[in-house]
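Novice: Here it is, the structure in full.
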């Protein structure tokens, strides 16, 4: 019924705007149907889980600050806490312990006595928390006397190689040993995967598909709980806390998803933009990806709404409107006033009003706090995005392939990272200082790298689909081929290298930073992670039947049995 309704609506809109030739994409319909339309939760269950969390939190806190615990065991515990998404519960305690260990212990000497897995865990913990532990801790595993690069005996240590592989995801530019270790461990782990069984097989398979550092936090926490039973069961309080915490979050996220779906129904997107992708459950995943902690409930809802607005704007510019209509829409967005509605085609008017009205609501919420300037920043980001989308549409319309640098300059805008960044500031306005705003406005390397990652990864995964549906599509692949005179396969390889360099820069931006708090950095890194999850192998947003379907099912439909 939903498909028939959308088709009818689309036909009606087409007749209203005459028989124009439109660049229709014919996106696949939502795989969810009305599956999440009637989500309901038992509030008493939330209270039950909350009591368990509070009790086990106290027990685990005592372990984290226990001065008698061996440093390697403590770092292993902190690693499990981090991977289970529980760090926010113990921020001060963990920071205090890591600061003490990093300053008081000679980590190079300590690592000389440890095995590969232990060193890898220690390296990951410090890097993940912003400490620049030297990659030289892995030097003792190098073989400088042969062509093997690494000592042969570690090939038999699958657990150690897996730890090293995960460590390489945290590398920055110039860390040659980690570049070599990445190639070595990836090759070795792929080679032995079919011979493995049990948890280690699941751990290796998942890491090769989605390395932890680049994964969606809530999904990785759930998978860690299942695949790393030994690590999670070492401490009873850790296991019980993780169990209750995941089930608590699942109930909370169901409630939020229901709220976003209802908003989408109230806005009537299926009728006003029937040509656009219907992906609200998938878009909620972006909100969940950027903000995973329970206290960011409103942030997840806001990011989901912004993602929906971005999605329908993208599809309007890319897959429905004519070039003349796009000029009218862009002009209206730049004016940002209700009277501009009159210049728009009938089918565009409802969408334009939704865009304006959502920001009016935001302004009402933030004006009492003196934070309305964040809404202005969001408006500006949408205006820049519209101009970027229009530029791409003009290139397509005129059959022009821009230079790679010209494309990339515009592509950093159409990657949408700036809209998400400004929306994140709205979500965290209570802790955003003037210095932080200045830092954001300076367009630091980590923000540029996140934007580049989004644009290039998107192009790599979607260009074949785009070519099939339209004669003239302009992506970074075509721009690179034209600028440097190389064939498609070479362009793709070079762009993939750029993705890895972008990750190097993102990693560096998280180390020893005094310019901005880790809390404000988190959604930026999480945006890069979401991009990686969505576009690593294909466009999982447009075609969500595999990975995204599995993730949403895992997060919303499969609870963990109570302890």
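Glycine is no exception: its Cβ is also placed from the backbone N, Cα and C atoms.
Marked as (2E,6E)-farnesyl diphosphate binding site by Swiss-Prot on the basis of similarity to another entry: 277, 314, 318, 455, 458. Annotated Mg(2+) 1 binding site per Swiss-Prot: 314, 318, in sequence order, evidence recorded as similarity to another entry. Positions annotated as Mg(2+) 2 binding site by Swiss-Prot: 314, 318. What Swiss-Prot records for 458, 462, 466 is Mg(2+) 3 binding site, and it gives similarity to another entry as the kind of evidence. Taken from Swiss-Prot, the feature motif 'DDXXD motif' covers 314-318, and the record attributes it to a curator's inference.
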Novice: Tell me which of the binding-site residues 314, 318 sits in the most Cβ-dense spot, judged by other Cβ atoms within 10 Å.
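Specialist: That would be 318, with the highest Cβ count within 10 Å.
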Novice: Looking only at residues six or more beyond either end of the motif 'DDXXD motif' (314-318), which have a C-beta under 8 A from one in the stretch?
Specialist: 23, 25, 27, 273, 275-277, 326, 329, 348, 351, 386, 389-390, 392-393, 416
Novice: Of all the binding-site residues here, 458, 462, which one's CB has the most other CB atoms within 10 A?
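Specialist: Answer returned by the neighbour count: 458.
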Novice: Could you tell me the C-alpha distance between residue 314 ((2E,6E)-farnesyl diphosphate binding site) and residue 462 (Mg(2+) 3 binding site) in angstrom, no decimals?
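Specialist: The separation of the Cα atoms works out to 14 Å.
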Novice: Record lists 277, 314, 318, 455, 458 as binding (2E,6E)-farnesyl diphosphate; longest Cα-Cα distance in Å?
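Specialist: Binding-site diameter by Cα atoms for (2E,6E)-farnesyl diphosphate: 19 Å.
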Novice: Which residues does residue 455 ((2E,6E)-farnesyl diphosphate binding site) neighbour through Cβ under 8 Å, counting only same-chain ones at least six apart?
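Specialist: Residues satisfying the criterion: 408, 411, 412, 414, 415, 476.
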Novice: Reported as an integer number of Å, what is the Cα distance between residue 318 ((2E,6E)-farnesyl diphosphate binding site) and residue 462 (Mg(2+) 3 binding site)?
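Specialist: About 13 Å separate the Cα atoms of these two residues.
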Novice: Return the average pLDDT for the motif 'DDXXD motif' (314-318) as a whole number.
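Specialist: Average per-residue pLDDT within the motif 'DDXXD motif' (314-318): 94.
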Novice: Determine how many residues of the motif 'DDXXD motif' (314-318) DSSP places in helix, in strand and in coil.
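Specialist: Output for the motif 'DDXXD motif' (314-318) reads 5 helix, 0 strand, 0 coil.
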